[in-house]
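As annotated by Swiss-Prot, disulfide bond applies to Cys178-Cys218. The domain 'THD' annotation in Swiss-Prot covers 122-261. If you look up Swiss-Prot, you'll see Asn240 marked as N-linked glycosylation site, on the strength of sequence analysis. Look at Swiss-Prot and you will find 44-261 tagged as topological domain 'Extracellular', backed by sequence analysis. What Swiss-Prot lists as transmembrane segment is 23-43, and the listing cites sequence analysis.
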Amino acid sequence: MIETYNQPSPRSAATGLPVRMKIFMYLLTIFLITQMIGSALFAVYLHRRLDKIEDERNLHEDFVFMKTIQRCNTGERSLSLLNCEEIKSQFEGFVKDIMLNKEEKKKENSFEMQKGDQNPQIAAHVISEASSKTTSVLQWAEKGYYTMSNNLVTLENGKQLTVKRQGLYYIYAQVTFCSNREASSQAPFIASLCLKSPGRFERILLRAANTHSSAKPCGQQSIHLGGVFELQPGASVFVNVTDPSQVSHGTGFTSFGLLKL
């Protein structure tokens with residue numbers, strides 16, 4: 001009887017090598033990443049620390065400079081034989097520059113204020129007054145949503161806006177009227193924007209007309225006037241109509257105003 005014996009093959013020593021290599025590479029990667037993060041944090045810390053040291057050094061230099069000026073003013077002499085005259089001249093020049101900058105800023109602010117005073121905003125907006133039904137020159141009142149910016153424009157006698165500053169003005173008027181009332185004549189309803197200058201005759205700046213209507217009830221119609229004109233100090237503007245009894249004085253119907261450009 002022949003017996004066969006199979007000898008087991010020896011275990012390869014290289015089977016554990018890949019596992020060890022993976023562990024080594026993993027640890028090496030973690031080490032490199034940690035080192036990179038640590039280096040970045042250290043760089044940030046070092047940069048901030050250097051900035052802080054630089055600020056402290058500048059403050060120290062300023063402190064030394066001020067102490068040196070104090071010693072020069074008191075007549076003391078340091079061991080380094082500092083040139084007090086040169087240091088004083090540098091300090092005086094520095095202070096002079098600061099004062100000049102302040103003076104320039106003050107002049108700029110003063111110029112802006114003077115410019116605002118020279119060109120103030122002038123505006124006015126007034127509302128019609130019902131008492132103007134008996135006169136061809138419409139009357140106005142400072143009521144409701146009115147505007148009177150300052151004393152450079154005034155409402156005189158309730159009839160005219162007078163300006164005290166020369167310039168270009170946008171002047172406007174809106175007149176609303178009832179067109180089917182019994183009119184004294186068959187002539188169209190006419191609204192005129194007029195100017196009265198000091199020492200001159202009155203003259204018409206703008207004029208608009210609208211025909212009467214037979215519609216009932218009362219048919220409200222509006223006339224709009226507006227334009228840009230050069231006004232002299234003391235000039236007055238007013239609104240004239242052919243039939244004041246037809247003018248509507250309800251809220252927002254009839255108004256008058258100007259604005260300096």
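Using the three backbone atoms N, Cα and C, a Cβ is placed for every residue, glycine included.
Mean pLDDT for the domain 'THD' (122-261) in the predicted structure: 87. For Cys218 (disulfide bond), other Cβ atoms within 10 Å of its Cβ number 14.
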